[in-house]
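Take a look at the structure set out below.
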Amino acid sequence: GTRDFGREQMAIRERAFSIITSVFKMHGGVALDTPVFELRETLMGKYGEDSKLVYDLADQGGELCSLRYDLTVPFARYVAMNNISAIKRYQIAKVYRRDNPSKGRYREFYQCDFDIAGVYEPMEPDFEVVKVLTELLDKLDIGVYEIKLNHRKLLDGMLEICGVPAEKFRTVCSSIDKLDKLTFEEVKKELVEEKGVSNETAENIGSLVKTKGPPLEVLLELRKEGSKFMENEGSVVALNELEILFKALEKANALDRISFDLSLARGLDYYTGVIYEAVFKGVTQVGSIAAGGRYDKLVGMFSNKQVPAVGVSLGIERVFAIMEQQEKEKNQVIRATETEVLVSILGKDLILAAELVNELWSAGIKAEFKLTTRVQNHIKYATQTGIPWMVLVGESELRDGKVKLKDIRANQEEEVPRKDFVEVLKQRLSNP
């Protein structure tokens, strides 16, 4: 359930992380970091039936600690501990789950989180977080995706309408949440046999969870005359909020990626409002690639002050699986380094190499050096690692006070005075 990452994979990961960070910063996010383990009591009771996946650490005499399961609960604990009333933060870090490893599912993996905590106008932060999610997936350029969206209050209203007792809402939600992997018949069996829901109630749930489609159309459908949802207080609140959200997303050109889906339940206990999940629609089957929602009571679990919050978490491992597949299909050489120039000394003169390569480093040019008398070894190394330029220096060049520049891709060489070579390379690199 864990992985090592080689240099080519790290090159793809670093590229993705820099895109993600730039999107977070564009929206005014500040970076935070929290410890990799928390007190066990901090994590318990926040993840519903998934709490069994929390990694407990051995008791070293004193506190019972566990590895973090996500970045949201530690964030809520941080906000409470520091008495923060408003913050927009991002965090990119590893989390741990004692899960059964499978394709795209690991026990240690990165999450990239963006959260807004504080009191705002209705749907103000929810809109921005969903917009951030669409920007992330567009800029990562992984192909077609869909964001399923629902509202916890609408879900609770639906369960109430169907006759589910309030104390069973959460456990029934965790069954509905499996509908993307199981058929309704399988979920119904679980509801009736394991969760003690009546056959009729399960059937009622089944007829409602099939509702999905373009957000504004589904909204109209749920609000039409005679709709049971309009008789349910919580559902009416949810539908009014969703109308504001959908109209804002429409203005921000983000609504066409969203599907209003009543089967989306998100099993975690702490969600209180809008919930969403992004799914990749391409060939690489990876399941959910990002998810999140509103959690208004989580911070209050750690202090006597309630700070409403909303966030999204990108499961970056699955995004990498797609990006790696894309690179393979393009047959592109994935460059592990960003080296621009190879200083090739045709001999063993380290002192000369140090002098030349340092001039490049001082000019901010990414450079490596190599000492060997065989020209072919230099060229082979530059070609394999994708370095575009070489500076060749042998005895004749030294004697004439020149260096030879080689453009690997164009397979062209030119001699330039030793004193000018850094300036010439700067020009060549800025105009490829």
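Using the three backbone atoms N, Cα and C, a Cβ is placed for every residue, glycine included.
Marked as domain 'Aminoacyl-transfer RNA synthetases class-II family profile' by TrEMBL: 1-323.
According to TrEMBL, the L-histidine binding site annotation covers D70, L71, T72, R97, Q111, D115, R266, Y270, Y271.
Around D70 (L-histidine binding site), the C-beta neighbours below 8 angstroms that are at least 6 residues distant in the chain are Y47, V95, Q111, D113, S313.
Note on the domain 'Aminoacyl-transfer RNA synthetases class-II family profile' (1-323): its mean pLDDT in the predicted model is 90. Of all the binding-site residues listed here (T72, Q111), it is Q111 whose C-beta has the fewest other C-beta atoms within 10 angstroms.
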